[in-house]
Amino acid sequence: MTVTEVAWQRLDRRTVAVNSLNAAGVCVVAGVPTGVGVGGATSPGLALAIILPASILIIGVVAGADYLRWRKTRYRVLPDRVELHKGILVRSRRTLSRERVRSVDLTAGLLLRFFGLVNVKIGTGEQTGAGQSSLALHPVGKAEAERLRRDLLDRAPSADGTPRRDGVLARLDLSWVRYAPMSFLTPTLGVAAFGAVLQVAEWFGLQEGVITWTLDRMRDLPLAVAILVLVAIGILVGVVGATGLFVEMWWQYRLEREPGGTLRVRRGLLTSRSISLEERRLRGVELVEPLGNRLVGAARVDAVATGLAKQKENEKTDHKTLLPSAPREVADRVAADVLREEVSPTSSVRLLPHPVAARGRRIRWGLAGVAAVVLPLLVLGWVLPVEVLLRLAWICAAVLVPVAVVLAIDAYRNLGHGLTGDYLVARSGTVRRGTVALQRRGVIGWTARQSIFQRRKGLLTLTATTAAGAGAYSIHDVGESEGLAFAERAVPDLFGPFLDRG
Amino acid sequence: MSGTSQGEGARLRLRPPRNQVDRRAIAWWRTGILVFWAVPVLVLVVLGVFLPGARFWLFAPAVAITVVIVPLAIGMPLWWYRVHRWEVTDEAVYTRTGAVWQEWRVAPMSRIQTVDTQRGPLEQYFGLATVTVTTASAKGAVTIPGLDHELAADLVHQLTETTHATPGDAT
């Protein structure tokens, strides 16, 4: 009966200003190179005469469209549901039941923050179509966003006793920045930087100029030194880039537990983000150790929660990260706090090793990978025949074989599975070692896979399917009998009735 | 492995599910393979007829594909027929699929969300249907191919009844 009394609300009117400014920015970015190009070919006056009116038109259209969108969008929060009406030509009405709301995420770019605005995304944890299960308010005022978040996620706290630890679970320690460059991001960014320089040079028709300029600088240096210099520059750019990215993403990072049973991550230097995660959705955590971080004893903590997996493609996939790469002890403590355990299952567990046959498989995979690089070189060198290719093949083999074998042995040693309390823990991987702790009640099915090679060695790969996270977590190359016994012990009565004993 | 494993005495293995798929599935799989590969072979042969210059290079792969595929089309479905098995108990759906990579899947009744049947044109011709049982996991779907279509309809009915009767929110 009170339904009619709840007033409809509008988005914040200043969205028009924000989007107009955005459009203006795009016009400048796109207009200046075009202007330089057109102006160079004809005359600067003509270029201005074309680009200025075009820009004003674009900005005007964007502002008008956004004004219309603002006029036509209304929302309201009722006691039992949230409603959103929107659409200029095609009206759409969307209703989310409040008890299904699982997340309220707030994001604000630099411009939005300047105006004190926030984009709000209200999500249900359901894995239907990407658009179906969420409701976006772009944007509302900061206070309003905070009110929405609190209202929608605030429920009676769970009955099972008082939470062990409320408030801040972790906050950024600036020394963690040192882990940021120790990832594949660094070389990737380095290579990307060289690519970007050449690309931009090409736009202005200067690509050859840049290359000859570089070669001129390098002329006096021996080849090896020249290569080293280029690599060093690439790494330097990569390190700066990776560090910058880390600071942008994780500045003012805080992980908090709020009274309603919600975990909240707040972070971001330029774009501020607030990600809320209902604890009810949490099915476990994954401790992720990329090789570079593992060597220096660092790990990252990801949430394994329902309704997080199907983010839209263009969204950042790091919504699930609860803690950036940090020292292993911090990661273990945060994992324990998040799960409300005394000790993190990922460290209290005694992981059982896998049969030695699994090591042979990994070594063979590694060598096969090396062969895939070396053999084509050898064949080409033989057929063409080019002496250099043959020599390159031998160098590759000499370098890659030990690397492959070491990685394979490491991969084997990282294999492990175990049970601790309510959790099933599985570890695998070498370049990215992941240790997942999954609540046993979160496992909703088992899959066992066995290739004909595994069958001969008596191994199989067990996969626990779950509604959360990646949807399935595997225990690779476990002994057949042991693995099935483990599956039965971890989650009784799934494989149980179908087991042959004897 | 018997010597090295921590051995709880008995050696465990998964027993095959009770039911085989319909015998017509063999013909269905065979036709599927042949139809799929007939397309490139036909294209190559037709091109070869019209382009005498490149005839050898067009006919040779066509012959090669035929030589490889025909024995596979005869043999593989027999293997699949032996391997593909399924079973529905009061508690769970249990399947075994795959030949080179064998796969056993269980989905408990309490976690089943939807039950679908699919019938492609070939399946319709052979009077078969494929039943897919999905759970809340994005990767937990259990598929039973090559069932008699009436049996499949009954199975879907039975599964829907059972899952309705089983409490739980399926996550």
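Placed from the backbone N, Cα and C atoms, the Cβ positions cover glycine too.
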Annotated transmembrane segment segment (source TrEMBL; candidates A:21-40, A:481-500):
A:21-40
Residue counts (helix, strand, coil, in that order) that DSSP gives for the domain 'YdbS-like PH' (A:412-487):
20 helix, 45 strand, 11 coil
Chain residues outside the transmembrane segment (A:179-201) and at least six past its termini with a C-beta under 8 angstroms from it:
207, 209-211, 230, 233-239, 241-243, 245-246, 290, 292-293, 295-296, 298, 324-326
With DSSP as the reference, give the number of residues of the domain 'YdbS-like PH' (A:70-150) in helix, strand and coil.
20 helix, 40 strand, 21 coil
Residues from the same chain, set at least six apart from the ends of the transmembrane segment (A:365-384), whose C-beta lies under 8 A from its own:
390, 392-393, 396-397, 400-401, 404-405, 407-408
Which residues of the chain, 6 or more past the ends of the transmembrane segment (A:46-68), have a CB below 8 A from one of its CBs?
15-16, 19-20, 22-24, 26-27, 31, 34-36, 38-39, 88
For the transmembrane segment (A:221-247), find every same-chain residue at least 6 residues outside the stretch whose CB is under 8 Å from a CB in it, and list them.
177, 180-181, 183, 185-191, 193-194, 269, 324
Mean pLDDT, the domain 'YdbS-like PH' (A:412-487)?
89
